[in-house]
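*Asks:* According to TrEMBL, the protein carries these features:
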type	residues	note
TRANSMEM	43-64	transmembrane segment
TRANSMEM	71-90	transmembrane segment
TRANSMEM	96-115	transmembrane segment
TRANSMEM	127-151	transmembrane segment
TRANSMEM	163-186	transmembrane segment
TRANSMEM	193-211	transmembrane segment
TRANSMEM	223-240	transmembrane segment
Amino acid sequence: METALLILITFLAAGVIKGATGMGLPIFSLAILALRMPMESAMAIIALPSLVTNLWQALAGGYLRTLLRKLWPFLTLAMIMTWLAIAARGAIDSALLLRLLGVLLCVHALITLTAPHWRVAERYIPWLNPLMGALTGAATGLAGAAIFPSAPYLQAMGLGKEAFVQALALLFGLLAIVMGAALTAHNYMGRELAILSVWAVPPALIGLALGGKIRARLSEQRFRQAVLGMLLILGANLLLRSA
């Protein structure tokens with residue numbers, strides 16, 4: 001009962017964040033759940049709500065073909081490395097993986113808050129795509145953090161706001177499929193966790209709708225800064241717990 005309530009509250013809040021900012025559901029929910037359960041369990045629970053909430057964003061925008069043509073090496077390497085990294089989790093100390101999640105949370109929050117104006121020249125994209133895809137996949141499989149380095153990299157490519165949100169949704173949706181399949185194949189996703197993952201979908205969708213209304217009323221920039229500040233605190237807390 002306590003776990004079910006935790007999931008309900010966590011995914012409602014994570015859905016609000018995603019609805020208001022276009023991102024943040026997996027990383028926020030993972031940061032909360034990892035405080036109360038093994039990371040593998042948290043990643044398994046996140047898989048389905050992440051897939052469902054990202055699917056409509058990935059398919060609804062008008063940039064899908066353009067993004068697939070531009071990003072297919074990035075997406076492909078991210079999926080491959082996610083699977084390989086999950087396969088390697090059993091050989092790595094869980095405290096180290098928790099520490100990695102804390103570091104990625106802090107780095108992502110600090111980079112986004114300071115908002116450096118990086119721009120990737122078009123000529124570098126063909127070799128950066130597979131490199132950044134591999135790093136994103138490794139971070140996803142080991143720490144469940146698909147947001148870094150993917151978000152800063154896609155932003156540096158100069159994608160417009162809508163294309164950027166759709167690109168992240170496409171990435172997160174694909175990685176949610178791979179993550180769910182890999183966790184199942186490597187015996188991390190049992191029947192109980194699968195049920196909890198299904199249970200997490202309704203509050204995530206309700207939060208998504210509420211977040212959309214918040215975005216229409218509040219400053220998206222200030223809301224995002226508050227969320228990033230929260231992620232920074234959660235990341236620091238994870239680092240302290242895993243020390």
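Yeah, the Cβs are placed from backbone N, Cα and C, and that goes for glycine too.
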*Asks:* Please give the sequence-distant neighbours of the transmembrane segment (223-240): residues at least 6 beyond its ends with Cβ less than 8 Å from one of its Cβ atoms.
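*Replies:* For the transmembrane segment (223-240), the far contacts come to 17, 20-21, 24, 27-28, 31-32, 34-35, 98-99, 101-106, 108-110, 112-113, 214-215.
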*Asks:* Top stretch among 43-64, 71-90, 96-115, 193-211 for CB pairs under 8 A with the transmembrane segment (127-151)?
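*Replies:* Checked against 43-64, 71-90, 96-115, 193-211; highest Cβ contact count belongs to 71-90.
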*Asks:* Quick test of the contact rule: Cβ under 8 Å, at least six residues beyond the ends. What residues does that give for the transmembrane segment (43-64)?
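*Replies:* Sequence-distant neighbours of the transmembrane segment (43-64): 7, 11, 14-15, 18, 22, 25-26, 29-30, 33, 144, 162-163, 165-170, 172-173, 176-177, 179-180, 183, 188-190, 193-194, 196-198, 200-201, 204-205, 208.
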*Asks:* Apart from its near flanks, which chain residues at least 6 from the ends of the transmembrane segment (193-211) lie with a Cβ under 8 angstroms of it?
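*Replies:* Tertiary neighbours of the transmembrane segment (193-211) are 3-4, 7-21, 25, 29, 41, 44-49, 52-53, 180.
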*Asks:* Who are the chain neighbours of the transmembrane segment (163-186) in space, where the CB to CB distance is under 8 Å and they lie at least 6 residues beyond its ends?
*Replies:* 22-23, 25-26, 40, 43-44, 46-48, 50-51, 54-55, 57-58, 60-61, 63-64, 66-68, 71, 74-75, 78-79, 82-83, 86-87, 89-90, 136-137, 140-141, 144, 146-147, 150-151, 154-155, 197
